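Shown next, in structure tokens, is the structure this report addresses.
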Amino acid sequence: WIMGHMVNAIGQIDEFVNLGANSIETDVSFDDSANPQYTYHGVPCDCGRSCLKWENYNDFLKGLRSATTPGNSKYQSKLVLVVFDLKTGSLYDNQANEAGKKLAKNLLQHYWNNGNNGGRAYIVLSIPDLNHYPLIKGFTDTLTQEGHPELLEKVGYDFSGNDAIGDVANAYKKAGVTGHVWQSDGITNCLLRGLTRVREAVANRDSGKGYINKVYYWTVDKRASTRDALDAGVDGVMTNYPDVITDVMNEAAYKNKFRLATYEDNPWETFKK
């Protein structure tokens, strides 16, 4: 999965997919009442990027739905996975459950079209704080109560705070999550970060008894760091330059080992070599 980083304006969806991304990451900011409000990152953000692009969250969802609904004039068949980077740092811990409920209602209405031929992409809810694990239950309970538990088959989870792997496992236990887990590791492209924890996550994924199904590394903008990430065995790389990742994947060392994921590839299944 080549994951386009910080795709917060509707016009950027086509831009990143046309550069080779089959997945995008979108920031979601919340208002004081825990309503998802804008797709907005703000400053500071990655070096070389404009931090200020934004949409109203519901408008972005409608644009995303168009891009991921077969038959729509805006349809992009390659776009199969969306990571919502949930900026819950602005919320009190006791608002996490409420944020999950409201997120579910927004997605149900504006992305899934109330279960009636909505967008088809798989969705990862990425949460920066382990203490905000109740967001997951708020989300899953609400989709079930609204009569659409089947949509949970399209939803996965990530804790993005680079916490110790054991601590992340405990948070999932508390949240009642037993699958559909992506594990992120990374840092802004302005700084360097080694692959120690990535390798630990990959080992957990491949052990057969860990909690992790997929591992992605962010933010990867250079050919050398792309090769390092692929060599470490990641399933996804998040990038500001999808074309760079595409170029590396076409190199002799990688083109027979890796291919771009399609809609037929289940993002919740651990790949067996």
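Glycine too: its Cβ is placed from the backbone N, Cα and C atoms.
Record note: Swiss-Prot gives GLU25, ASP27 as Mg(2+)-binding, and the candidate from ASP46, ASP59, ASP85 in that site is ASP85.
Per Swiss-Prot, CYS51 makes its disulfide bond with CYS45 among CYS45, CYS190.
GLU25 (Mg(2+) binding site) carries a strand DSSP state (E or B). Rounded to a whole number, the C-alpha distance linking CYS51 (disulfide bond) with HIS5 (active site) is 11 angstrom. Sequence-distant neighbours of GLU25 (Mg(2+) binding site) (same chain, 6+ residues apart, CB-CB distance under 8 A): MET3, GLY4, HIS5, MET6, VAL7, VAL82, VAL83, PHE84, ASP85, SER126, TRP218, MET238. Taking all protein chains in view, 21 other C-beta atoms sit within 10 angstroms of the C-beta of CYS45 (disulfide bond). Listed in chain order, the extra residues whose Cβ falls within 8 Å of the Cβ center of the Mg(2+) site residues GLU25, ASP27, ASP85 are HIS5, MET6, VAL7, ASN8, THR26, VAL28, HIS41, VAL83, PHE84, LYS87, SER126.
A simple way to gauge crowding: the CB of ASP27 (Mg(2+) binding site) has 24 other CB atoms within 10 angstroms, across all the protein chains here.
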